[in-house]
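A quick write-up on the structure given underneath.
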Amino acid sequence: MNGGPSGFNNAPITRAFVISCVIFTIVFGIQGRSNNLGISYEDIFKKLRLWKLIVSVFAFSSTPELMFGAYLLYYFRVFERQISSNKHSVFILFSLSVSLLLEFLAVALLKDPSLSSLTSGPYWLIFSAFVPFFFDIPISTRFRVPGLRFSDKTFIYLAGLQLLLSSWKRSMIPGICGILAGSLYRLNFFYIRKLKFPEFIASFFSRLSLPSVGSTSSAVPTRNVMGNVPTYAAGRQVEVNQPTPVSSTPEPPEDSIATLVSMGFDRTSARQALVHARNDINTATNILLESQSH
């Protein structure tokens, strides 16, 4: 399973965020200060080290955490494509605010000496994104290993589990707080899902971020990995050259159509995407998500 077309095409906020995480982690790692970036009540409210609050949002405390974290952030770019960069910015700000509040409350209530400072890094954003990943991304393939069942989503969950347990309690609390923040966003707490930032926010990050490998211009129709297929947006069809013949494709299953409709796509576009994806629901999802971004 993948997160849609490769690169950061139509995901400028995620691209800028990942680049920031890499830069902050490398810079403070070279300085040997990566293990001292975790936020604590004393640092923020007594010593007023506000710079630490900003840095801890981006910088991971170790290279393995950066690798797993950057991979998950890159995969979850699919949600920015789905809801637009303007709304995804609100999701990021809401997740950050709620997670930080919950983290400080957890540390104050638990009074555990080992939690004097929590691990740094965007755990709040990664684990907030696991909420829509669980509810909105369908399973497209299942497979067995002797005695065990897995799906194509298993590897994402395993990467998240590795990150969640990387520093034990110091990483579990930010992860759990992120999940709670993502749940509140999904429940439309204070009607947060209706808000979005102005259009210039996405435009700014599009110009600010470096060109990413594998990204394509939005003016060029996207070529799906399964072949040359048309994409659909706002009830209109955008054709690409030499579309894949679909006459032999069986009628899409009703449950697959229902799954895509539950993700917010209209029924006609969902059916057409399934036809051109040869009833592969994951590929059909990628077609629909990419078409929404144009």
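Indices start at 1 and increase along the chain as displayed.
For all residues, glycine too, the Cβ spot is worked out from N, Cα and C.
Over in TrEMBL, the protein carries these features:
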DOMAIN    251-291  domain 'UBA'
TRANSMEM  12-30  transmembrane segment
TRANSMEM  50-76  transmembrane segment
TRANSMEM  88-110  transmembrane segment
TRANSMEM  122-141  transmembrane segment
TRANSMEM  172-192  transmembrane segment
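For the transmembrane segment (50-76), the most Cβ-contacting stretch among 12-30, 88-110, 122-141, 172-192 is 12-30 (pairs under 8 Å). Of the candidate ranges 12-30, 122-141, 172-192, 172-192 contributes the most Cβ pairs within a distance under 8 Å of the transmembrane segment (88-110). Sequence-distant contacts of the transmembrane segment (122-141) (same chain, six or more residues past either end, CB-CB distance under 8 Å): 1, 17, 21, 57-58, 69, 72-73, 76, 78-79, 82, 91-92, 95-96, 99-100, 103, 151-153, 156, 160, 163-164, 171, 174-179, 181-183, 185-186, 259-260, 263, 280-283, 285. Per DSSP, the domain 'UBA' (251-291) is made up of 30 helix, 0 strand, 11 coil. Note on the transmembrane segment (12-30): residues 37, 55, 58-60, 62-63, 66, 69-70, 73-74, 76-77, 80, 85, 88-89, 92, 121-122, 125, 201-202, 205-206, 208-210, 212 of its chain, located 6 or more positions outside it, place their CB under 8 angstroms from a CB of the stretch.
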